[in-house]
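Heads up, the thing below is written out as structure tokens.
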Amino acid sequence: MWRRRLGALLLRSPPSSSSTAASSCQHHRRHLLPSEEPLALNRLARLFTSQAVSDGGNSQKPFIAFVLGGPGSGKGTQCTKIASDFGFAHLSAGDLLRHEIASGSEKGELILDIIKEGRIVPSEITVELIRKAMETSNANKVLIDGFPRCEENRIAFERTVGREPDIVVFFDCPEDEMVKRLLGRNQGRVDDNIETIKKRLEVFESLNIPVVDYYSSRGKVHKINAMGTADEIFEAVRKLFSSLSDWGRLAVEKEKWRAGTGTATQRNPTDLLIAEALEFLDGKRVQSPDCE
Ligand SMILES: Nc1ncnc2c1ncn2[C@@H]1O[C@H](COP(=O)(O)OP(=O)(O)O)[C@@H](O)[C@H]1O
Ligand SMILES: Nc1ccn([C@H]2C[C@H](O)[C@@H](COP(=O)(O)OP(=O)(O)O)O2)c(=O)n1
Ligand SMILES: [Mg+2]
């Protein structure tokens, strides 16, 4: 059974072979370069199992997915579904900031003023909230929704947490659709008004897109077309995350084979072939095709 699955896996492309490829890339096309970075198979393994897999002493590191997209592109909606279907912790930067506002702290007042104006909160505040939330959740796979919003956010996160994300999911949505959704969001948010929305869209283009371009150049971006119903979009999202889980399974099997405890332990020729394939995959790049 497992071997049949492995055969299918070996014949198919890496995780990025979701519907994130060229046809869905009409909205942002710039600077999308080939992968520079392999996806760590040991962290992928944790997508499939909570069982720790030896990774040279770093087994406590969670699998991190940054979830980006313009305001109203559907990040929060899709993250809720991913969290529920794939067991990720969902940490929303905006929710953490709104929680700080609701606490009535001095910092909260500053955050409120910035959010009303559609600007970006200083990185040290947001990164600290995210770092604490990651620590508290103690999850082995986290979605960080709406972060990093700018290069300063990105650099501060990487410096403080000491990590890059494993993947970046980018919801690609035309502006007029985002405006329509935000004006209909109806959650009583101080930033869901046309003046703030205009400013947020400018900030998104000038500060957030460069972050997406940066991670594209590192081969980490999985672009999803955000047009359609939430369920239709989730089908593309589901393909991406299921594919990551398949690779996670493979990583688990590899570790078991190495440890001599798994299904591929008998040293017959087929298992040797499987083992060699797994070793090969270990050195293989898992990359996003992106577009262009
Ligand atoms: N695919 C979709 N089609 C139409 N409306 C959507 C879709 N996805 C989300 N929405 C709605 O659009 C608004 C913004 O979605 P949300 O998930 O909050 O986006 P974001 O977190 O990117 O700002 C919400 O009212 C949500 O219910
Ligand atoms: N990394 C972040 C995330 C959000 N913020 C601020 C600025 C954003 O306009 C608001 C709201 O963010 P949120 O992610 O909730 O907004 P959307 O879900 O995209 O509509 O919070 C920030 O300053 N830095
Ligand atoms: Mg949101």
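Just so it is clear, glycine is given a Cβ too, placed from its N, Cα and C backbone atoms.
Together with Gly72, Ser73, Gly74, Lys75, Gly76, Thr77, Gly228, the ATP site in TrEMBL holds one more listed residue from Arg98, Arg119, Arg185, Arg189, which is Arg185.
Per TrEMBL, the ribonucleoside 5'-phosphate site holds Arg98, Arg119, Ile120, Val121, Gly146, Phe147, Pro148, Arg149, Arg189; the candidate it also names there, chosen from Arg181, Arg200, is Arg200. Farthest C-alpha pair in the ATP-binding residues Gly72, Ser73, Gly74, Lys75, Gly76, Thr77, Arg185, Gly228: 16 Å apart. Residues near Lys75 (ATP binding site) in space but far in sequence (CB under 8 A, at least 6 apart, same chain), listed by position: Val67, Leu68, Gly69, Asp145, Gly146, Phe171. When Cβ neighbours within 10 Å are tallied across all protein chains shown, the highest count among the binding-site residues Arg98, Arg185, Arg189 belongs to Arg98.
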